[in-house]
Structures are given as C-alpha cells and as structure tokens.
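According to TrEMBL:
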- A:63-270: domain 'ABC transmembrane type-1' (DOMAIN)
- A:7-34: transmembrane segment (TRANSMEM)
- A:66-88: transmembrane segment (TRANSMEM)
- A:100-121: transmembrane segment (TRANSMEM)
- A:150-172: transmembrane segment (TRANSMEM)
- A:197-218: transmembrane segment (TRANSMEM)
- A:254-274: transmembrane segment (TRANSMEM)
Amino acid sequence: MSARVGTYLAAPVMAFLIALCVTPLLILFAYSFFRVDFVAISYDPSFANYAKIAGSATYRGLILKAFGSGALVAAITAVIGYPVAWFIAKRAGAMKSALLTLLLVPLYSGDLVRVFAWRVLLGAEGVINRSLIWAGVTDAPIQGLLFSPLATHIALTYNYLPFMVIGLWLAFESLDDAWLEAAADLGAKGPSRFARVVLPLTSPGLIAGGLMVFVMVVGDYLTPQLLGGASGITVISAINDLFGTAFDWPLGSAIAWTMLAILMAFFALGAVLIRRSSLVGGA
Amino acid sequence: MSRAATFWVWAVFAFMYLPIAMIALFSLNDSKIMSLPFSGFTLHWYADVLGDGRLGGGFLTTLSVAFLVAICATVLGALAALALSFYPMRGRGIFTVLLLAPFLIPKLILAVAQLILFNEAGLPRSLLTVIGAQTVIVLPFSTLVIASVLIRIDRGLLEAAADLGASGLSAFRRVVLPLMANGLLASWVVAFVLSSSEYVLTAFVSGRAQPLSVLVASDFRFALSPSLNALAVMIVFGNIALVALAELIRRRAGQARG
C-alpha cells in the first residue's frame, strides 16, 4: 500500500518534469531532423543537419574545443581541490562545516555577477591593469588579460572548483585512516601510500567531481562569452546564434542533441568507472 | 605537510573571495577609475543604483517571479523528497535521474528546447513561462534541501503514531509536516535566491516584462562602472544573507529533533 503513496506523491512532479523538461528536449530532437526553407521551418525529416555537423571542420573543432576546455578545467580543479578536500575531511576538526559553507557561498552570487567581477579584475580598464600602470610596471594595459582563453579558464576554474571539492570531500570522508596505518605498518613510504592507497580509494570522488565539472564547463555559455573575446566562440554560443540571428533552429537543435548524446555517453562511462572503482575500494 | 596544506587551503579560499572583495572595495571608492590609489570613501554609487527607476522596476519583477518560483519549487520539491526518502515508490531510479537532469543539462540547451516548446504550443513568452522554466532548474536544489531534513526524522515516530491509532494522513499532518516545516522554509529561501539570480534561461523565455538579471546583463556585458559594482555587491550580499538565513533554519530543524 505504501509503495502507492510514494508513487502518487511523485506523480505531479513527474508530470511537471515531463511537460517542461522531457517534452521540450524531445521536440528539440524532432526539430534536429527538419530544415529551414527560406524563413519558415520545413517539416521534412532528413539526416542533413547531422551530416552537415559531421562534415564541417568548424563545428567539429568547436565540439573538440568544448571537450578540451572541460577536461582541462576538470584537471586543474582536481589538482587545486585535492588538498583542500583532504584538509576539510581530515584536518579541519571543528571548522569543517564552516569551511564547507564558505566554499559554497560564492556560488549563490549568481553566474552573471561572478563573471562581471572577473571583468572588473582583469579588464583593460580593470583593477589589475590600472594598478599596474599606476605602479609603473607597464605603460599600457596588458590586453591579453581579458578577452583571452586565459581569462576564460581562470573564471571557469573559479566557477566550478567548489563542485570538485565537494565530490572529493565525500570520498575522503569515507576513506578509513586504518588503511593508511596498515600500509605504513607494511612498510609503504609516503608517495607509495598515496599512489597505491589514497588515490585509488578516492578515485570515485575524483571521477564524480571531474564529470560534474566537465559537464558544467562544456555547457557554460556566459563565461566564455563575457571573458573570452574572440576566443569566446563555443559550441554552446554557436547554438545560441543559430536560434537567434542566424535563424536555423533545426541545425541548432542537431548540434544541441549531438552534445547531449556525447554528454550522456560520458555519464554512462562515469557511472561504470565509479562502480568499478568502488568495488576495488570495498575489496 | 600539514602547514603547507593549511597555507594552500587559505590561498584557495582567498581566491574564491577575491573577485567579490574587489567589487565591494571599488564600489566604495570615490573615483570612476578602478585603480589602486584609493580616492576616498563614498556611498554615492549605491545612491545612484537605488535612485534608478528602471532597475527598481526590474527588481520588483524579480521579486514577484522569485516569490512564486520559490513556492512552486518548494511544493514540488516536498512531494519529490517525500517520495524519495519517506514513502517507498516504484520507479525510484528513473525518477531520481529525471529530477537531477535539469541540473546537468547545459542551461542554454534547455532554454532553446523550452523556447521551441512554447513556440509550438502557441504560448507567448511572459513571466508565466519564466516561472515554469525557472522552477525546472530550481527543483533539484529544493528537493535536496527538504530531503536533507526528512532523512533525519525518526521513522519510529510514524510507527508510534500508527500504533496510537492515527491514520496515514493524520500521522503525516500531525507528525511529519511539523517536523519538515523548517525544511520547507529553508527550501523556499534557497529557491528564491536561485531564481532571482538566474540569467541564461530567463533571458530566453522572458517576454516584455524583464527581471533584473536580464535588464542588467547588457550593462554587465559592455560597461565597467562603480555603480555596477555597487549593484553587484547588493545582489551578492542580499543573496548571502538569505542563504545564511536558510542554513540557520535548516540547522534548527535538526536541533529540535536532537
């Protein structure tokens, strides 16, 4: 009887999500097979849009660039976040929940404000450039600071680091220190304890955090747009243009679904990897 | 090693707060130029923002949208959290995936998909479409907040209520609901904050009445100025104050049980 209660409770939520999340994505999928005929959409299905994407060096390049950025930022946040997560889980003591809260607070300022803040810091008229000129370090603003891949990746790292730290922190919380003592008793030195005990046991967190950061970087529209300048053209901004000025909804839909399909494949792979690595941890 | 780690943690937290600290600092500096020699303290950038009628109108739109989104997300989030953590249900796995999907799908892709839906359904873009769209992406967070309160409630209390002759409904109304009330309140506040600062989705599905985030997006995009700093600082501190409030409420939900 109570299994029914849960199902009834979930039903309105399910209906809402199907109406405003699943249905739109299915219509988007249908659109990806249509084409634009002058200024109207012609409902005449074909694989032409997908063929166009596969045959276009530009779109292939943009997709690869998105995945490159995602992987790069996932790696940077992992390196920066690993010691932080370890410290919060194992060394912070009474400060643990304060540190976790402090880590998440900047996320609530909203993406627009965060990107704006980086423009204030890095812009040609911004704090760093103006102050360097005032201090006499340079005569003219360093243009490469803003509107560059560097600026974009600094801000992307800033945006998504907390998610990586949370993923790793969960893994460190479930890491039993007895494993380390046992390894030490058996004569393992520091680096080998790290490589053969700590790293494998925290790898589920690394994969989960990495996947989360990767997906969010790939899907980020604002950050490259506002900080990347000419380098800020991404596959996501290409979708935006196709739905706006370029008016080719079907092609935009096909690119969007290409991205969704690849991201779903990454998730499936991640789930398999996490399951396998937690099996190693449990053994 | 521990000292190096402590230093590293401090450095990372400094990095996380550097941009906010900078805009806060220069929003109080009495100069149009954002550069290091400080010219003196002023509040007139804040006065500029507060006296701006266009921003004031957008702010009111944001408040009314966020108010309603927070209610919708909390009601749906409560149903979802109850189904996931309190009453067993069929199809739990697929339900969880469906709930989390809006968080992981690139927002711009969800935005264009909803744009097509509204277009096909002949729904004009309005604040109503904004409320629907925002509720979808706020829902995973409100569910999480409420579930975090629900999992701390002792199931024994439900059994005790049943033993004392309470029906399922009255046990819920008189035992579970009072215990989860703080979770609902915390979820409402978190949803309010997330809704008010959302931009990408909102920009796509809003019509003529534009919330604050859409209104200031082009300013943020093209200009740097101390009054924009002041505006950003007010948004950040408003949000942080509300989130702190929500966290306080959520923790008290735990203590009352303990």
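Cβ coordinates come from backbone N, Cα and C, glycine included.
Tertiary neighbourhood of the transmembrane segment (A:197-218): same-chain residues 66-67, 69-71, 73-75, 77-78, 81, 85, 156, 159-160, 163-172, 175, 179-180, 183, 188, 236, 259, 263, 266-267, 270, 273-274, 277-278, 280-281, selected by CB-CB distance under 8 Å and a gap of 6+ residues from either end. A Cβ distance under 8 Å defines the sequence-distant neighbours of the transmembrane segment (A:254-274), meaning residues of its chain 6+ beyond its ends; these are 25, 28-29, 32-33, 49-50, 52-53, 59, 63, 66-67, 204, 207-208, 211, 214-215, 218-219, 235-236, 238-239, 242. Tertiary proximity for the transmembrane segment (A:100-121) is limited to same-chain residues at least six positions away from its ends with a CB under 8 Å from its CB atoms, namely 84, 88, 127-128, 146, 151, 154-155, 158-159, 162, 165-166, 169, 222-223, 226-227.
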